[in-house]
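Trainee: I grabbed these lines from Swiss-Prot:
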SIGNAL    1-15  signal peptide
MOD_RES   Pro109  3-hydroxyproline
DISULFID  Cys129-Cys172  disulfide bond
ACT_SITE  Cys132  active site
DISULFID  Cys163-Cys204  disulfide bond
MOD_RES   Pro196  3-hydroxyproline
DISULFID  Cys262-Cys311  disulfide bond
ACT_SITE  His269  active site
ACT_SITE  Asn289  active site
Amino acid sequence: MRLFILAVLTVGVLGSNDDLWHQWKRMYNKEYNGADDQHRRNIWEKNVKHIQEHNLRHDLGLVTYTLGLNQFTDMTFEEFKAKYLTEMSRASDILSHGVPYEANNRAVPDKIDWRESGYVTEVKDQGNCGSCWAFSTTGTMEGQYMKNERTSISFSEQQLVDCSGPWGNNGCSGGLMENAYQYLKQFGLETESSYPYTAVEGQCRYNKQLGVAKVTGYYTVHSGSEVELKNLVGARRPAAVAVDVESDFMMYRSGIYQSQTCSPLRVNHAVLAVGYGTQGGTDYWIVKNSWGTYWGERGYIRMARNRGNMCGIASLASLPMVARFP
């Protein structure tokens, strides 16, 4: 069914909106009560119309990425923003605790994809919880643990959601990766299997005996320099980053995402930079999201690189130094 929906939108011909609406609801397990069904359908149809018009522009060679249906198609961007996005302040005192990354003329490859060598775990889904910062944190921790121990482990986002509040994070209402590092300097991070994700903030259930990894320090790139971020990712493995999300990002399907409206000065969503490359003369970042595999390129987005710090990708980047716990 997913392939059918994608094919319909790719050619830009919907046929029956009724059929597609019901198929979409079944695919994403959407159920509404009474008048809310029509309200959600009205929003859905506006988004579908925008997707069709945008993809026609793509077919004409006017834009470099496509849009598609996903689990968010029945939401306005304002609703989506209120539920999933939180402005991530760069004014926090905690941001001065990291070590600004310096490449020291260390050469990095022209392209790299850390997925190919086992440094990136499967795409995860944060669900109805504003915990992107926790997924960004575990993503970069997973890469560093693999680098040090040659073992791939999926770490617990739920532990960070439940337990790092005293370090400045707000569970499902937002947080900062660097606050999480400060917490992990004192407590070991458990695995996903020992402390599974629930998408709801709960009481801290940390078990010291099950802690696996800790943070001893962290590198930062806060300058907005994509060259510095490339050096960090190319030399040190996947890095936690944050970006400014706007409506087309919410509906992104494939291609190299280029936005004229997102800001390089503010960020509201944490993700993971797992590599970079070039296609058809356009440089891009490979970015892992935490919205499941039905979003984007099976959970990933390629974002234009060397375009003036587009969407602020190099404004709040970090990478922890990881060791075994205790």
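The backbone N, Cα and C atoms fix where each Cβ goes, and this holds for glycine too.
On this model, are these features tucked inside or out on the surface, and what's nearby?
Mentor: For Pro109 (3-hydroxyproline), the same-chain residues lying six or more positions away in sequence with a CB closer than 8 A to its CB are Gly234. Under DSSP, Pro109 (3-hydroxyproline) is assigned to coil, being neither helix nor strand in the three-state scheme.
Around the Cβ of Cys129 (disulfide bond), the number of neighbouring Cβ atoms within 10 Å comes to 22.
For Cys132 (active site), the number of other Cβ atoms no farther than 10 Å from its own Cβ, over all displayed protein chains, is 27. The DSSP secondary structure for Cys132 (active site) is helix.
Long-range neighbours of Cys163 (disulfide bond) (same chain, six or more residues apart, CB within less than 8 Å of its CB): Tyr183, Phe187, Cys204, Tyr206. In the three-state DSSP scheme, Cys163 (disulfide bond) falls into the helix class.
Non-local neighbourhood of Pro196 (3-hydroxyproline): Ser156, Gln158, each in the same chain, at least six residues away, with C-beta under 8 Å from its C-beta.
Within 10 Å of the Cβ of Cys311 (disulfide bond) there are 30 other Cβ atoms, across all protein chains.
His269 (active site) is surrounded by 27 other CB atoms, counting those within 10 A of its CB over all protein chains shown. Under the DSSP three-state reduction, His269 (active site) is assigned to strand.
Under DSSP, Asn289 (active site) is assigned to coil, being neither helix nor strand in the three-state scheme. Cβ contacts within 10 Å of Asn289 (active site), excluding its own Cβ and spanning all protein chains shown: 27.
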Trainee: List which of the recorded positions Cys129, Cys132, Cys172, Cys262 have their Cα within 10 Å of the Cα of His269 (active site), in sequence order.
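Mentor: So the list reads Cys132.
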Trainee: If you draw a 10 Å sphere around the Cβ of Cys172 (disulfide bond), how many other Cβ atoms fall inside it, taking every protein chain shown into account?
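Mentor: Excluding its own Cβ, the number within 10 Å is 20.
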Trainee: Specify the count of other C-beta atoms within 10 Å of the C-beta of Cys262 (disulfide bond).
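Mentor: For Cys262 (disulfide bond), the 10 Å Cβ neighbour count is 22.
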